[in-house]
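Chemist: Mind looking over this structure? Questions follow.
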């Protein structure tokens with residue numbers, strides 16, 4: 001598995017399994033077992049997904065050592081203070097049956113994220129988290145965070161796919177040496193990107209699926225990807241992307257199909273962020 005080096009010297013597997021919206025324990029456990037069999041070691045969850053405990057069980061039941069796994073979780077918007085963030089983190093640890101996390105993220109830039117970050121810095125300095133980062137942060141959110149942060153975020157996990165390529169934010173993250181991680185890397189099934197004629201043609205040229213081409217495109221942009229699936233066949237297909245390379249021309253063709261089309265959850269929508277703080 002390809003690894004990316006983060007700005008704090010830690011490494012992260014560039015491809016992992018996301019478990020967003022997996023709301024059946026058996027489905028999750030089967031998908032994790034299938035992923036481990038195929039060579040996945042990076043797993044991405046969040047408190048708001050309500051499946052941390054199932055993921056913890058699935059990983060504990062496997063024969064893969066904890067030090068060979070990479071586990072990410074996220075603190076939700078309803079936890080807005082220092083103390084609430086500390087408590088939420090320890091609850092996630094308990095559910096995941098581990099004594100540390102590899103990566104812990106602020107899920108959205110909702111009210112209080114500077115205080116959340118202060119709590120996460122302390123957890124990081126105490127050795128309970130290997131790396132800390134953010135999710136769904138735009139440039140203004142990062143600028144505000146960096147006015148008080150003592151530890152720079154290692155990762156920003158943001159919606160990214162061929163119809164929403166995040167070119168400007170990607171450039172900004174590179175300038176700060178913050179890794180770009182993509183959620184919804186295949187377009188979340190909403191954008192019809194899997195039927196895009198340009199991508200179909202490139203996929204045919206490589207004898208690969210469109211999903212594999214998209215994941216390869218992300219990897220060549222040095223973006224971390226966490227495609228989600230509960231189907232063993234797709235889980236296997238999604239990791240089978242290290243045996244081919246897209247040409248510069250193909251990368252340019254994909255760059256040209258960007259529509260700046262966000263699928264869901266706008267971090268600039270104050271009403272959305274405000275409402276999310278009352279959800280658990």
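Using the three backbone atoms N, Cα and C, a Cβ is placed for every residue, glycine included.
Just so you know, TrEMBL annotations never went through curation; they're auto-generated.
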Chemist: Which of these ranges is annotated region 'Disordered' in TrEMBL: 239-259, 260-280?
Modeler: 260-280
Chemist: Given a Cβ distance threshold of under 8 angstroms, which distant residues of the chain, six or more beyond its ends, lie next to the region 'Disordered' (260-280)?
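Modeler: The answer is 48, 76-78, 80, 108-111, 136-138, 141, 159, 161, 163-165, 184, 187-188, 190-191.
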Chemist: In the structure shown, with every protein chain counted, which of the recorded positions 74, 107 has the densest set of Cβ atoms within 10 angstroms of its Cβ?
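Modeler: Result for the most crowded candidate: 74.
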Chemist: Hey, how far is residue 49 (active site, proton donor) from residue 107 (substrate binding site), Cα to Cα, in Å?
Modeler: 11
Chemist: Counting every protein chain present, what is the number of Cβ atoms, excluding its own, within 10 Å of the Cβ of residue 49 (active site, proton donor)?
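Modeler: Excluding its own Cβ, residue 49 (active site, proton donor) sees 21 Cβ atoms within 10 Å.
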Chemist: Please report the DSSP secondary structure of residue 49 (active site, proton donor), reduced to three states.
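Modeler: Where residue 49 (active site, proton donor) sits, the three-state DSSP reduction gives helix.
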